[in-house]
Amino acid sequence: MSKYCVRVATGTFLDSGTWDNVSVSLVGPAGESPALPLDNFGKDFSRGAVKDFEVTAPQDVGPVLLLRVHKAPRELPLPLRPSIPDAWFCRWLQLTPPQGAPLRFPCYQWLEGVRSLVLREGTGEAGHRLDGSQCGGGRGPGEVPQGVVQPLAPHCVCIAALSRWSEYFPGIPRCLAAESLKELDPNLRYSITKEITQNIHFISPPGSSERWQCRRQGWHQGDPLHASPPAEYVFEHWQEDAFFAYQFLNGLNPVLIRRCRCLPENFPVTDAMVAPVLGPGTSLQAELESGSLYLVDHAILSGLRSSDINGRPQFVAAPLTLLHQRPGGPLLPLAIQLTQIPGPDSPIFLPSDSAEDWLLAKTWVRNSEFLVHEMVTHLLRTHFVMEAFFVSLLRQLPMCHPIFKLLLPHFRYTIYINIQARTDLFAPGKLLDQVTSLGRLGSLELMARALEAVTYRSLCLPHQLADRDIQDLAHYYYRDDALRIWAAIESFVSEIVGIYYPDDSAVSRDVELQAWVREIFQQGFLSCASSGVPSSLDSCAGLIEYLTMVIFNCSAQHAAVNSGQFDFSAWMPNVPTTMRLPPPTSKGQTSLVASLPEVNATCHTLVFFRGISNETKDTRRLGTYPDEHFTEEAPQRSIATFQSRLAQVSRDIRERNRDLELPYTYLDPTVVENSIAV
């Protein structure tokens, strides 16, 4: 008989505790103990409690390799039984054997109803200690502990059972097979605090413009919604050319602009057209050669079906926009063509046109920007692509794997918000059908088209910026701040990888890691070889880049394209979600106000943007890891260093912003969330 001390830590937030029975089984090379109850007098697992228990195993199992944790309801009289399962949030367990040092088993999971889960010791998953000796029974990352015969579920049984793939729409990344939030394991749901505060933000405040939700009349030019200093700035400057161009750099979709070295054949801009802006002594060819011209091409929208709103057809354009930046001056638009097919029915709009024609052309571009931003840059490339990484993580990596520990905080709440999007945004007749010119089906077709064009280089920030050739574009705060955060993440990831993978062969030998990467390629990118997304990794450098890409897109990139949605959209003409009249086929033809969305469609949008742009409680900022999945000193030091680097990035951004008329705040690490949580 062997006596052990078991210390158990319960979560500190609302409803973390339980009255249920909890027991543990010890698994070692010599066998497995029966379930050993953890029971003292009174409520042992209260919120925030750390309790010690003494248990006696009837036989010696040898060095403990695994800990099985079991939870089951107490046998209470029928009137006293809870009407809903009693959930318990376990932070960690610590096992002290008769001889030897304590073993820490990180958990940080909910157990609801009758549940069991398998935990491996926190320092035993690393593969190699810092002194080079093997640990955890001679395991490297991805290897099963020696002496364990029974196959192990990746981690908590209740999550693994739900971690199945589903195809929501052909051509987009596959997702978790759950059709409603009710099907989710509690570990994948919002916390009670998060859910309550999020719901409050979707309630329309009295006196706001949402009171027009049921109106269908057209807008009048005096109907602004003043919501925040940035929104006020948008309302005052939205018609200006400089602000129109600024939004390609630091607005909601700062990833489309690229340097133009040669004009596209389907965009026949001439010297005479742009001479009033370029001025004397230069030409289009000279500016192309000097690298001062930039292009934004919304060709991906060409030919997509449009929808009806309020019984009226809506319209979509696929514009090309040429811009110019004079040394020391602002970026300015030079020309806009609203279709991909030039000709007499597709005029090129210019700053020298009438004010209404030019503003109408810019507004059409803003509508196209909304569609590409929302469906491609935001929903597809962050929410849905990153969900595939998470689902595969749940399926392929055990909880104790260092990559699981590293990435789990960056997927917090992602599946919950994505299921909410599929049930609330994309369901027939819901928000996308109510407010966007593409509607539900057109939006899904756009995402499927966009996934075909996604490349691994475009997901890796330094490569994406280099391919767009915008390294010297002035006042590009998104680029500057994103590169700082990428570098901080890369340094952190490099240190973590260095701790657990001593050389390239350790990466190649990690069968769990390789299965994760392979499945992401298959299910997230539909085995598209032209994407360049790896299906395997064979070096530490490749693994570092891969993990940096994941963390960056789950945190900073999502913040850059999500957090400012209400700021830029509160004044609807700046970001119209649909257009009620077709793109003009000649100048002087169409009224801007008559083209804008109807009031009820706009107000549905404002309620939504307001809800997802507001701060909620239970938010974890980039680099914040209250769940201590890493128990060793080395990764904990790396986390502290990472936090210090992010703090310096924040100080630099705030210092820069003091001199800006419109501060760029969305990539300040103090407001960037760890994960795609809204």
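Any Cβ shown, glycine's included, is placed from N, Cα and C.
Now, the feature entries from TrEMBL:
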type: BINDING; residues: GLY17, ASP86, ALA87; note: Ca(2+) 1 binding site
type: BINDING; residues: ASP39, ASN40; note: Ca(2+) 2 binding site
type: BINDING; residues: HIS378, HIS383, HIS558; note: Fe cation binding site
type: DOMAIN; residues: 2-125; note: domain 'PLAT'
type: DOMAIN; residues: 229-678; note: domain 'Lipoxygenase'
type: SITE; residues: TRP110; note: site 'Essential for stabilizing binding to COTL1'
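Features recorded in TrEMBL, as mapped to the structure shown.
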residue: GLY17; record: Ca(2+) 1 binding site; Cβ within 10 Å: 20
residue: ASP39; record: Ca(2+) 2 binding site; Cβ within 10 Å: 12
residue: ASN40; record: Ca(2+) 2 binding site; Cβ within 10 Å: 10
residue: ASP86; record: Ca(2+) 1 binding site; Cβ within 10 Å: 18
residue: ALA87; record: Ca(2+) 1 binding site; Cβ within 10 Å: 19
residue: TRP110; record: site 'Essential for stabilizing binding to COTL1'; Cβ within 10 Å: 24
residue: HIS378; record: Fe cation binding site; Cβ within 10 Å: 21
residue: HIS383; record: Fe cation binding site; Cβ within 10 Å: 22
residue: HIS558; record: Fe cation binding site; Cβ within 10 Å: 25
If the Fe cation site is taken as the center of the Cβ atoms of HIS378, HIS383, HIS558, which further residues of that chain fall within 8 Å of it by their Cβ? THR377, LEU379, ARG381, THR382, MET386, GLN557, VAL561, ASN562, ILE676
DSSP says what for the domain 'PLAT' (2-125): how many helix, strand, coil residues? 3 helix, 62 strand, 59 coil
Can you give me the Cα-Cα distance between HIS383 (Fe cation binding site) and TRP110 (site 'Essential for stabilizing binding to COTL1') in Å, rounded to a whole number? 24
Mean per-residue pLDDT computed across the domain 'PLAT' (2-125): 88
Shell list (Ca(2+) 1; ref centroid = CB of GLY17, ASP86, ALA87; cutoff 8 A): ASP15, SER16, THR18, TRP19, ASP20, PHE45, TRP88, PHE89, GLU112
List, in sequence order, those binding-site residues among ASP39, ALA87, HIS378 whose Cα sits within 10 Å of the Cα of TRP110 (site 'Essential for stabilizing binding to COTL1'). ALA87
Expressed to the nearest Å, what is the distance separating ALA87 (Ca(2+) 1 binding site) and HIS558 (Fe cation binding site) at their Cα atoms? 31
List the Cα distance (Å, whole number) between HIS558 (Fe cation binding site) and GLY17 (Ca(2+) 1 binding site). 33
One should report the C-alpha separation between ASP86 (Ca(2+) 1 binding site) and ASP39 (Ca(2+) 2 binding site), rounded to whole angstrom, as 17
Can you give me the Cα-Cα distance between HIS378 (Fe cation binding site) and ASN40 (Ca(2+) 2 binding site) in Å, rounded to a whole number? 50
Using the alpha carbons only, what distance in Å do you get between ASN40 (Ca(2+) 2 binding site) and GLY17 (Ca(2+) 1 binding site) once rounded? 15
How long is the line from the C-alpha of GLY17 (Ca(2+) 1 binding site) to the C-alpha of ASP39 (Ca(2+) 2 binding site), rounded to the nearest angstrom? 14
